[in-house]
Amino acid sequence: GTSRRIPQTIIIGVRKGGTRALLEMLDIHPNIVVAATEVHFFDWDENYVKGIDWYRSLMPFSYGNQITIEKTPGYFTSPQAPERIHDMNSSIKLLLILRDPTERVISDYTQVYYNRVESHKPVQLFEDIVIKNGALNTKYKAIQRSLYDVHMEKWLKHFNLDQIHIVDGNTLIKDPLPELQKVEKFLNLPSRIMSSNFYFNQTKGFYCIRSDGRERCLHESKGRPHPVVNNTVLEQLYSYFREHNAKFYRMVNHSFDWH
């Protein structure tokens, strides 16, 4: 009685916002099945040309009463993804998880830094990338990705605001349950995720998951220590994002506790 179905919900981003944590935590819910990998169907042309049947073939088997969810953090910043997803299903529900934009930039840098170290490639200090000729390097991709208002504008051309639920990534890490309960409500699902599904791991510094008698934490690549960033550089980043954040808050009728 199961079949592979096109997702009824997609986690569209943002990169380094907590998409993996959100997906793993939602996977606890009996009415949710999740795609195992990031599909990059709507943001990579070489995948999009393979067609919808190829996309469906990468989805897990599900029952009729279950919601299929895939997550690809690159969708949020992709120029093509909003229209392509809308063409597939104009009434789809989207999940967007965001965190403080400056924190997200540092986390983005940290991931690339460790990847380069592991591949024995040269690395640069955060400050040397973010500051060019004494000014903020606003062309740095990690900074561009944190301009939430710029990207959200593209999504709101194709979807109503009530189709996009924003998860607070900073809160999800500190206190997962209330954020997940809001998602259950948004997806019209019965409340099944409970506080007993989580336990705090002192070593990692964040919550791990307990379900079906098993305990699991996020991959060791998650929660890596961030570099200590020069205060002057931090202030420049906070200042740069302030106006973008204010614009974003107005767009979504909601404000966040960001710098």
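Even glycines carry a Cβ here, placed using N, Cα and C.
Same-chain residues at least 6 positions away in sequence with a Cβ under 8 Å from that of Lys16 (active site, for sulfotransferase activity) are, in sequence order, Pro73, Arg99, Arg104, Ser107, Asp108, Gln111. The annotation active site, for sulfotransferase activity is assigned in TrEMBL to Lys16.
What TrEMBL records for Lys16, Gly17, Gly18, Thr19, Arg20, Arg99, Ser107, Tyr207, Lys222, Gly223, Arg224, Pro225, His226 is 3'-phosphoadenylyl sulfate binding site. Neighbour count (other Cβ atoms within 10 Å of the Cβ, all protein chains): 13 for His226 (3'-phosphoadenylyl sulfate binding site).
Sequence annotations record features per position, and here TrEMBL assigns disulfide bond to Cys208-Cys217.
Residues or ranges marked as domain 'Sulfotransferase' by TrEMBL: 7-245.
Note: the Cα of Gly18 (3'-phosphoadenylyl sulfate binding site) and the Cα of Cys217 (disulfide bond) are spaced 13 Å from each other. Annotation for Cys217 (disulfide bond): same-chain Cβ neighbours under 8 Å, separated by at least 6 residues, are Asn201, Lys204, Cys208, Ile209. Of the listed binding-site residues Arg20, Arg224, the Cβ environment within 10 Å is emptiest of other Cβ atoms at Arg224.
Confidence across the domain 'Sulfotransferase' (7-245), taken as the mean pLDDT and rounded to a whole number, stands at 95.
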